[in-house]
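Trainee: Can you read through this structure? Questions will come right after.
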């Protein structure tokens, strides 16, 4: 029977992580469990930085961005001996289960603890990239989307004033959800998504045609890692003549107070994670699909499941611009 659980956040931070921690802590306490916080992710676990949490430990955190537990990337966790020590540390505290909030790398860590040591782990999807399989939305995505749209709105004001072409680089790694949705909401004229490839010549020709038809400014939304946006800006300006500037939104997308959607999603998922542990589940990851909370085998989710590309959204965008 589970009596003690721990919670950690790992990888890149995302708005709503604090709400998820709060939900795990308070749901666990309401069920009579002891709840512990692991500081700075798997690195903190390896360094035995674990602290018992109370109801008041998570007061006034639901509206705060980031994660008060801290987060860190810890590549050493790939080493079997490091994972073994982490499992020993959890057992030394009498901890029976672990809730991991993070992205795919965090899930992999939870998967290995479950596979190798039989340690009950539940994964919650916390990343602005919305690239975790088994869920329609990840914690932090909606807030990051609002941040990106706000930036696009501001860039449109100044781009229109100066007849400028603006390139906006948006996070997401190999998933274009954030880029496509921000572009639709922000009225961007062009979208460059990694799933469909990038043809620079085709993009420039489209811009040239738009300018020839009377367009005086434009905004291009592009997912990070597709190309060097500053070089692209120079290439476009050299061809079309209009001043062209690239803006990399970067880590500003990870910050800020989480929106209501992310607070509610994180709260629901956190409570659900505790319920799953009490039901005897382990090695599961939580998601939301068609507005219903679901759970999947964490190993299957990482190895087999794939997130669908929003091709229908991209087709919508083509008819709007």
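From the backbone N, Cα and C atoms, a Cβ is placed for every residue, glycine too.
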Trainee: Need a hand: Swiss-Prot gives 127, 128, 129, 171, 172, 173, 224, 245, 251, 252, 253, 254 for substrate, which of 164, 239 is also on that list?
Mentor: 164
Trainee: Kindly point out which candidate in 12, 16, 186 is recorded by Swiss-Prot as part of the ATP site with 73, 74, 103, 104, 105, 106.
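Mentor: So, going by the record in Swiss-Prot, that would be 12.
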Trainee: So if I draw a 10 Å sphere around the Cβ of residue 73 (ATP binding site), how many other Cβ atoms end up inside it?
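Mentor: I count 14 other Cβ atoms within 10 Å of it.
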Trainee: Within 8 Å of the Cβ centre of 12, 73, 74, 103, 104, 105, 106, which other residues of the chain have their Cβ, at the recorded ATP site?
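Mentor: For the ATP site the neighbour list reads 10, 11, 41, 102, 108, 109.
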Trainee: Residue 12 (ATP binding site): which of the binding-site residues 22, 56, 59, 127, 173 is the nearest Cα neighbour?
Mentor: 127
Trainee: Same chain only, sequence gap of 6 or more: which residues have a CB within under 8 Å of the CB of residue 22 (ADP binding site)?
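Mentor: Long-range Cβ contacts: 58, 61, 62, 267, 270.
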Trainee: When you rank 56, 59, 105, 129 by Cα distance to residue 171 (substrate binding site), which of the recorded positions ends up on top as the closest?
Mentor: 129
Trainee: Between the Cα atoms of residue 127 (substrate binding site) and residue 59 (ADP binding site), find the distance and write it as a whole number of Å.
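Mentor: Computed Cα spacing between residue 127 (substrate binding site) and residue 59 (ADP binding site) is 23 Å.
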Trainee: Return only the integer: C-alpha distance in Å from residue 104 (ATP binding site) to residue 215 (ADP binding site).
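Mentor: A Cα-Cα distance of 41 Å.
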